[in-house]
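Residues or ranges marked as ATP binding site in Swiss-Prot: ALA13, PRO14, SER15, GLY16, ALA17, GLY18, LYS19, SER20. Among the features that Swiss-Prot reports, domain 'Guanylate kinase-like' is placed at 6-186.
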Amino acid sequence: MKKYSGLLGIISAPSGAGKSTLINALQKNDSILQIKLSISYTTRKKRPGEVHGKDYYFISIEEFQNMINQNMFLEYAKVFNHYYGTEKNSIKLMLNSGVHVILNIDWQGMNQIRNKKLDFYTIFILPPSQKELEKRLRFRGLDTDQVIFDRMKQAMNEISHCKEYDYIIINDDFNIALIYLQSVILSKQLKIDYQEYHNSNLINNLLSCL
């Protein structure tokens, strides 16, 4: 598998599990982990408060298709009739420069990256129950019953792939889930193979003193 100076992590979850809120909190309290969230491209319209280039790169279907034709995506998928994709070169540049990159993508994108034989780790965020998941989806009060039904169906399909991931975090208590998420990412940075790659001189010098 291809190894980079930085670590690549993938976080997935069904809509309503609290993934985006957890990732935002992760970035705000990031004095130790030093991670960077990849910004995806999407064909869906901007929601109130979203900023182009910060939340997503909002592009047309034609532009997205051109990027597919030019093999510019590391992964892409169609979700709720909209396309989402991760641009390839920007990720490789960040990883090569030692940046720890987090991808906020679904199981389809995760499997596409797995097929590319890259070195990465995966985390799946679960809701505490199906009832709580539906409650969270209804909380915004903007969607019809049919839309909620479709989102629940999609969410359960997403959940069916959770065992394909390295780690599972249940988002029942937000603060605890955030600690778990931070702990998983930090543990990857402290693994022996990563430490040997980045601190080989120090480790070898200390061992030579034995």
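Note that Cβ sites are derived from N, Cα and C of the backbone, with glycine treated the same way.
Note that the coordinates shown come from a computational prediction; the quantities given were computed from them, not determined experimentally.
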Which of the listed binding-site residues (PRO14, GLY16) has the least company, meaning the fewest other Cβ atoms within 10 Å of its Cβ?
GLY16
Counting all other Cβ atoms within 10 Å across every protein chain shown, which of the binding-site residues SER15, SER20 scores highest?
SER15
Which same-chain residues, if any, lie at least 6 apart from LYS19 (ATP binding site) yet have Cβ under 8 Å of it:
ILE11, SER12, ALA13, ASN104, ILE125, ASN171
Taking only the residues in the domain 'Guanylate kinase-like' (6-186), give me the average pLDDT of this model.
93
Apart from ALA13, PRO14, SER15, GLY16, ALA17, GLY18, LYS19, SER20, which residues in this chain have a Cβ no more than 8 Å from the mean position of the Cβ atoms of those residues at the ATP site?
ILE125, PRO127, ARG136, ALA155, ASN171
Can you check what DSSP calls SER20 (ATP binding site), collapsed to helix, strand or coil?
helix
Validating a neighbour-count step here. Other CB atoms within 10 A of the CB of ALA13 (ATP binding site): how many?
25
What's the number of neighbouring CB atoms sitting within 10 A of the CB on ALA17 (ATP binding site)?
26
Can you check which residues sit near GLY18 (ATP binding site), meaning Cβ under 8 Å from its Cβ, same chain, 6 or more apart in sequence, and list them in order?
ILE125, PRO127, ARG136, ASN171, PHE174, ALA177
